[in-house]
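Remarks on the structure that follows.
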Amino acid sequence: MRSLALLCAVLALSDGITRLPLERGKKLREILREKGLLHHFLQHHRYDIGTKFPHAFPDVLTVVTEPLLNTLDMEYYGTISIGTPPQDFTVVFDTGSSNLWVPSVSCTSPACQSHQMFNPSQSSTYKSTGQNLSIHYGTGDMEGTVGCDTVTVASLMDTNQLFGLSTSEPGQFFVYVKFDGILGLGYPSLAADGITPVFDNMVNESLLEQNLFSVYLSREPMGSMVVFGGIDESYFTGSINWIPVSYQGYWQISMDSIIVNKQEIACSSGCQAIIDTGTSLVAGPASDINDIQSAVGANQNTYGEYSVNCSHILAMPDVVFVIGGIQYPVPALAYTEQNGQGTCMSSFQNSSADLWILGDVFIRVYYSIFDRANNRVGLAKAI
């Protein structure tokens with residue numbers, strides 16, 4: 001993983017955009033399964049992707065806090081550095097949240113001790129704010145403080161960035177996650193304590209050619225990319241379809257319907273969807289997800305997950321998301337995944353939220369552009 005830092009130290013190329021490579025790692029779900037701990041985790045921690053998005057509807061928004069983050073299915077990571085001289089951290093680039101945080105050397109939790117920890121005393125540019133920060137998880141609260149320092153993302157140097165330093169991380173299971181922290185790429189309205197997100201500081205400091213970023217996710221361990229300040233046409237074919245952001249908090253859009261076997265099966269009266277790089281699955285209301293699972297032939301196992309017969313995948317139907325009148329089919333090869341034990345799992349997940357979360361399963365099929373200048377999302381068929 002740390003060898004990735006060399007790749008991340010790329011210069012902004014002549015086309016005026018900056019690329020940061022991502023690595024696809026093993027999900028915590030699979031690590032816990034291999035260690036025989038998944039059943040225990042699911043018994044003791046209510047896992048609900050929908051709790052990550054408490055503010056998806058502005059009419060019920062009262063207090064803006066950092067959204068809940070579920071780490072069970074995060075799988076794409078990149079390397080950034082903080083401080084002078086730089087200290088490297090592996091982070092999830094998460095369009096479903098807006099704060100940056102990493103572990104602090106002041107944290108004695110096992111989860112911190114098993115990851116890279118930021119040492120403020122070793123950075124000549126670090127400034128303490130005296131401010132506290134609490135980030136809520138399905139497994140408990142992450143407590144920390146807020147510091148200010150230089151944050152470098154690929155060749156982009158943000159010299160005055162507020163970020164969270166965790167002093168306590170909840171739950172023994174955080175020991176096993178493959179990333180050190182989170183870098184949120186959502187709108188500023190989601191950020192805890194009014195902290196300006198990293199992307200907004202990049203824009204404010206005129207570091208980007210354009211006020212947008214784009215994401216390509218590969219199924220392979222290497223090859224994924226976040227592109228800051230532009231669009232890389234080598235990652236997609238055909239034209240870009242643009243969809244307006246319906247609520248400027250998450251990267252939230254309006255979806256028309258969901259079709260399986262030419263039948264409208266969910267979201268029949270229209271619904272809201274969030275394009276989220278920090279969730280690997282596609283999640284939606286439980287009744288709709290159950291209908292999709294039934295339509296594609298998935299069966300529930302003892303963990304509450306849904307599995308399919310691996311030999312049937314090529315015959316399984318596409319799940320088609322209709323957005324702005326355009327159909328976006330996701331084939332069975334994209335929405336199923338072998339779990340390493342000879343079983344193929346469905347990547348559709350129940351959620352308590354009355355909205356859809358189009359995570360990495362969807363983004364792997366459609367190159368995604370997050371255009372803040374025009375408050376819109378662009379989708380194009382990924383290579």
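Every residue, even glycine, has its Cβ placed from backbone N, Cα and C.
Look at Swiss-Prot and you will find 1-16 tagged as signal peptide. Residues or ranges marked as domain 'Peptidase A1' by Swiss-Prot: 76-380. Among the features that Swiss-Prot reports, active site is placed at D94, D276. The annotation disulfide bond is assigned in Swiss-Prot to C107-C112, C267-C271, C310-C344 on the grounds of similarity to another entry. Taken from Swiss-Prot, the feature N-linked glycosylation site covers N132, N204, N309, N350, and the record attributes it to sequence analysis.
A map of Swiss-Prot features onto the structure.
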{"residue": "D94", "record": "active site", "CB count, 10 Å": "23"}
{"residue": "C107", "record": "disulfide bond", "CB count, 10 Å": "22"}
{"residue": "C112", "record": "disulfide bond", "CB count, 10 Å": "23"}
{"residue": "N132", "record": "N-linked glycosylation site", "CB count, 10 Å": "12"}
{"residue": "N204", "record": "N-linked glycosylation site", "CB count, 10 Å": "11"}
{"residue": "C267", "record": "disulfide bond", "CB count, 10 Å": "23"}
{"residue": "C271", "record": "disulfide bond", "CB count, 10 Å": "18"}
{"residue": "C310", "record": "disulfide bond", "CB count, 10 Å": "13"}
{"residue": "C344", "record": "disulfide bond", "CB count, 10 Å": "18"}
{"residue": "N350", "record": "N-linked glycosylation site", "CB count, 10 Å": "19"}
May I ask for the distance between D94 (active site) and N204 (N-linked glycosylation site), taken between their Cα atoms and rounded to an integer number of Å?
20
Please report how many Å separate the Cα atom of C267 (disulfide bond) from that of D276 (active site), as a whole number.
18
Averaged over the whole of the domain 'Peptidase A1' (76-380), what is the pLDDT?
92
Counting every protein chain present, what is the number of Cβ atoms, excluding its own, within 10 Å of the Cβ of D276 (active site)?
30
When you measure from the Cβ of N309 (N-linked glycosylation site), how many other Cβ atoms are you left with inside 10 Å?
14
N132 (N-linked glycosylation site): secondary structure state under DSSP, collapsed to three categories:
strand
Near C344 (disulfide bond), meaning Cα within 10 Å, which of C112, N132, C271, N350 (recorded positions)?
none
